[in-house]
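*Asks:* Have a look at this one before I ask anything.
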Amino acid sequence: MSLLFSRCNSIVTVKKDKRHMAEVNASPLKHFVTAKKKINGIFEQLGAYIQESASFLEDTHRNTELDPVTTEEQVLDVKGYLSKVRGISEVLARRHMKVAFFGRTSNGKSTVINAMLWDKVLPSGIGHTTNCFLRVGGTDGHEAFLLTEGSEEKKSVKTVNQLAHALHQDEQLHAGSMVSVMWPNSKCPLLKDDLVLMDSPGIDVTTELDSWIDKFCLDADVFVLVANSESTLMQTEKQFFHKVSERLSRPNIFILNNRWDASASEPEYMEEVRRQHMERCTSFLVDELGVVDRAQAGDRIFFVSAKEVLSARVQKAQGMPEGGGALAEGFQVRMFEFQNFERQFEECISQSAVKTKFEQHTVRAKQIAEAVRLIMDSLHIAAQEQRVYCLEMREERQDRLRFIDKQLELLAQDYKLRIKQITEEVERQVSTAMAEEIRRLSVLVDEYQMDFHPSPVVLKVYKNELHRHIEEGLGRNLSDRCSTAIASSLQTMQQDMIDGLKPLLPVSMRNQIDMLVPRQCFSLSYDLNCDKLCADFQEDIEFHFSLGWTMLVNRFLGPKNSRRALLGYSDQVQRPLPLTPANPSMPPLPQSSLTQEELMVSMVTGLASLTSRTSMGILVVGGVVWKAVGWRLIALSFGLYGLLYVYERLTWTTKAKERAFKRQFVEYASEKLQLIISYTGSNCSHQVQQELSGTFAHLCQQVDITRDNLEQEIAAMNKKVEALDSLQSRAKLLRNKAGWLDSELNMFTHQYLQPSR
């Protein structure tokens, strides 16, 4: 089944090819039509391609995110190519095959044109002489019209007589004027194939041959010299074509010996006359003009009767016999000669027109396509090089980012451990120094000098100033002992941090790191708050005899227990509770289990209680002592006791009170300051930790800025690589498209411009 289908397709294809070949064989002018259609299509594609390339290059040149991969000169060049291609496309759209008919007046130029068109399009015959250039072209409309030179007005023409009348009525027309006669294609099939026929005034009536050639002949593909077979070639005719040959390289020239039907009246001289005309025309074409060789000359010289052909074709068009009417003998031979002329003319003009009209533009199109291809290739290479550079830069930044992250993690662990060691050392130094300063507190208090008075107002001021003195003195001494070493250690640590993190920063920031990281002079704040710490200090500067009962009890028991003993609070002495529940079966604890301190307090308390109950106790005791030692010893003892009391009472001055006050304050303040040694050491270590942590955090902030910049650069590189990938792909596509257009132009050249072997 598939084989049958393939054979059917082959048969259809063969039939189509045969039909196409038949059309080409039937009308060689189709060669130009198909070539024109092909080249117009190629130029349309070329224009679209250059438009796309120009837009692409302009967008690429304006893209500020990419480094320059194209130049403004390249953009302008491609835009220039676009305008050139558009201009060529407009020229190609107007291109057509052009044949120019020249000859002396009344040689039958218009009749030849009418015969070729199978209709009486141009005025001809007796009384009708062409007085200007007539350009006959086809129009898709159904009405004929004419256009005069310099005017866009379409003048309607329905018949040949109207055309003749219009041409003769226009007084502005002269021999060098051009009138375009647009005839419906439906009436003249020859005009459908982009063929333009140009009739001219007789070349024997003007001397403006040079201007005619420049104005009307330079774009002609074929020249037809319509000669009168009843006479030989005139010098005027030869002179004109000599000028044409000087302006154009090897012009295509046909010679029609018209009115050959007159030879039928003298048949005995026909061949001799034909031979003479052939020799002279061949000599003119070959020897004088050099446009053909002798082998080709026979295909350029014809003997016809245009009037007979026109009459026969008009009759045939009207449905009458072709040979009807009064026709001279040999009509069929002359008809065949005219048809042979038409065949040779069509083949010549189609080949010549394709070559002259399209070859130069084809070469120019190839040059433009190649130029744009080279631009796209250079852009592709530049984008590829930039992409490789971006990939290398991205890899470098990614490696840098990984190095920063790893190094920052290691440094953070190391600095965290070192900060911990430094803070512990600071706490130890401050605690040791403060303990030593507390032991020397009495010296600091003794250095305090201010007028002392026991009045409450003066004492309040005295204590406030003493607090300030202690605060400043302790702070100064601690600063002298600790601050310098701690500050030096802190600065060393900060410099180590800077040196460790500096390699993680970009080179531009390394020299500015000292300005970026604040380096304030660090000062420890000990913050002892002596005024609040000693706010509840209660001095005792009343006179107390050293051998008095209260002082003795205080000396043995201490201030706290003596107060309890003297006030009779023995019942409030707390026994320690047993750690286990009491067991009735167990014997009570022995009395000796009481502590020695509790026993002493109990005894003295009992004694004091006894003496306080009755004065008789004193008498009893005194009597007992009296009996034991005698009155003299007692009297002496009381005398010495009294003298000692008087001495101490007299020496209890303001200075003594101040010394007692300072001694009491030293004891009290020392006890209080001992409580905050650990707190002060921790506070100082916390300050150092905050300072070092702040420095490290600020350095890390700069590193984070560097990391963010690297991440942004990596993201920008990724975006740039994507843009370059797209750019490369587009440039490669456009480069390949230029190659495809070049292959299309090569195919066109091979098919239409190169001579067939």
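Cβ atoms are placed via backbone N, Cα and C, with glycine included.
Quick paste from Swiss-Prot:
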TOPO_DOM  1-604  topological domain 'Cytoplasmic'
DOMAIN    93-342  domain 'Dynamin-type G'
REGION    103-110  region 'G1 motif'
BINDING   Ser106, Asn107, Gly108, Lys109, Ser110, Thr111, Asn258, Arg259, Trp260, Asp261, Ser305, Lys307  GTP binding site
MOD_RES   Thr111  phosphothreonine
REGION    199-202  region 'G3 motif'
REGION    258-261  region 'G4 motif'
TRANSMEM  605-625  transmembrane segment
TRANSMEM  627-647  transmembrane segment
TOPO_DOM  648-757  topological domain 'Cytoplasmic'
*Asks:* In DSSP terms, helix, strand or coil for Ser106 (GTP binding site)?
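*Replies:* The three-state answer is coil.
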*Asks:* Do me a favour and check the Cα-Cα span between Thr111 (phosphothreonine) and Asn258 (GTP binding site); whole Å is fine.
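*Replies:* Cα to Cα, Thr111 (phosphothreonine) and Asn258 (GTP binding site) are separated by 10 Å.
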*Asks:* Among the binding-site residues Ser106, Ser110, which residue has the largest number of other Cβ atoms within 10 Å of its own Cβ?
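*Replies:* Top count of Cβ atoms within 10 Å goes to Ser110.
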*Asks:* Near Asn258 (GTP binding site), which residues of its own chain have a C-beta under 8 A away, given they sit six or more steps off in sequence?
*Replies:* Asn107, Gly108, Thr111, Val112, Val226, Ala227, Asn228, Ser229, Val304, Ser305, Ala306
*Asks:* When you measure from the Cβ of Trp260 (GTP binding site), which residues in the chain that are at least 6 apart have a Cβ under 8 Å away?
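*Replies:* Once residues fewer than 6 apart are set aside, Trp260 (GTP binding site) is near Ser229, Phe303, Val304, Ser305, Arg334, Glu337.
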*Asks:* For a quick check of understanding: among the recorded positions Thr111, Ser305, which residue's Cβ has the most other Cβ atoms within 10 Å?
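*Replies:* In terms of Cβ crowding, the pick is Ser305.
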*Asks:* Which number gives the other C-beta atoms within 10 angstroms of the C-beta of Gly108 (GTP binding site), all protein chains shown included?
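*Replies:* There are 24 of them.
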*Asks:* Could you pull the average pLDDT for the region 'G3 motif' (199-202)?
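*Replies:* Across the residues of the region 'G3 motif' (199-202) the model's pLDDT averages 82 on the 0 to 100 scale.
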